[in-house]
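Peer 1: Pulled from TrEMBL, these are the listed features:
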type: ACT_SITE; residues: Glu69; note: active site, proton donor
type: BINDING; residues: His67, Cys97, Cys100; note: Zn(2+) binding site
type: DOMAIN; residues: 16-143; note: domain 'CMP/dCMP-type deaminase'
Amino acid sequence: MSDVFKLIRVIMYPEFSDEYWMAEALKRADIAEQHGEIPVGAIVVQDNQIIAEGYNLSITEHDPSAHAEMLAIRQAGKKIENYRMLDCTLYVTLEPCPMCAGLLVHSRIKRLVFGASDEKTGCAGSIMDLTRHEKLNHQIDVTSGVLGQQCSEKLSSFFKRRRAEIKAAKKAASSQD
């Protein structure tokens with residue numbers, strides 16, 4: 001879609017902006033956090049409708065592959081009865097890791113929109129870019145930093161709280177000795 005048509009769509013239908021959809025992904029991140037998971041949420045949008053959603057469940061499911069993106073893409077494939085997401089957009093609150101970036105390339109997703117960059121494992125531009133690698137058979141249109149501050153703050157506050165809880169538990173354990 002040309003930039004002019006994107007602008008017209010956003011002006012006429014502001015509910016279909018990237019910020020609108022990222023806010024929806026953030027709602028899924030809230031659910032992950034309520035389950036004690038790292039707060040990452042994802043949605044798959046096709047024709048201006050959410051067709052799939054996911055949030056991190058790696059801790060709950062004891063499954064290192066249960067990332068928000070993985071779960072959303074799996075659900076989307078079942079919904080559209082196809083393993084290729086040629087006309088879909090994935091919105092995710094954190095830049096995909098190598099595993100998830102590879103999944104997105106294999107799914108042939110048209111577009112990826114993420115919020116917070118991941119300077120440790122991000123593979124959509126931070127430490128490497130699997131999503132647009134010229135030697136791979138598919139490149140993805142990537143938009144980064146959408147509601148990036150909110151996405152980053154959600155993760156930062158989660159890890160700050162988690163570290164404080166661990167410190168308090170260690171202190172309590174050592175005082176019982």
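Backbone N, Cα and C define each Cβ position, glycine as well.
For each feature listed, report its degree of burial, its nearest neighbours and the pertinent distances within the displayed model.
Peer 2: Long-range C-beta contacts of Glu69 (active site, proton donor), restricted to its own chain and to partners at least six residues apart, with a cutoff below 8 Å, comprise Ala42, Gly54, Leu90, Val92, Pro96, Cys100, Leu103, Leu104.
Cβ neighbour count for Cys100 (Zn(2+) binding site) (all protein chains, 10 Å cutoff from its Cβ): 28.
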Peer 1: Restricting to the chain of Cys97 (Zn(2+) binding site) and a gap of 6 or more, list residues whose Cβ falls under 8 Å of its Cβ, or answer none.
Peer 2: His67, Asp118, Thr121, Gly122, Cys123
Peer 1: Taking the domain 'CMP/dCMP-type deaminase' (16-143) alone, what is its mean pLDDT?
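Peer 2: Summing pLDDT over the domain 'CMP/dCMP-type deaminase' (16-143) and dividing by its length gives 98.
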Peer 1: Report the DSSP secondary-structure composition of the domain 'CMP/dCMP-type deaminase' (16-143) as helix, strand and coil residue counts.
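Peer 2: Result for the domain 'CMP/dCMP-type deaminase' (16-143), in helix, strand, coil order: 45 helix, 30 strand, 53 coil.
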Peer 1: Could you name the residues, excluding His67, Cys97, Cys100, of the same chain that surround the Zn(2+) site, i.e. Cβ within 8 Å of the Cβ centre of those residues, in sequence order?
Peer 2: Ala68, Glu69, Met70, Pro96, Pro98, Met99, Ala101, Leu103, Thr121
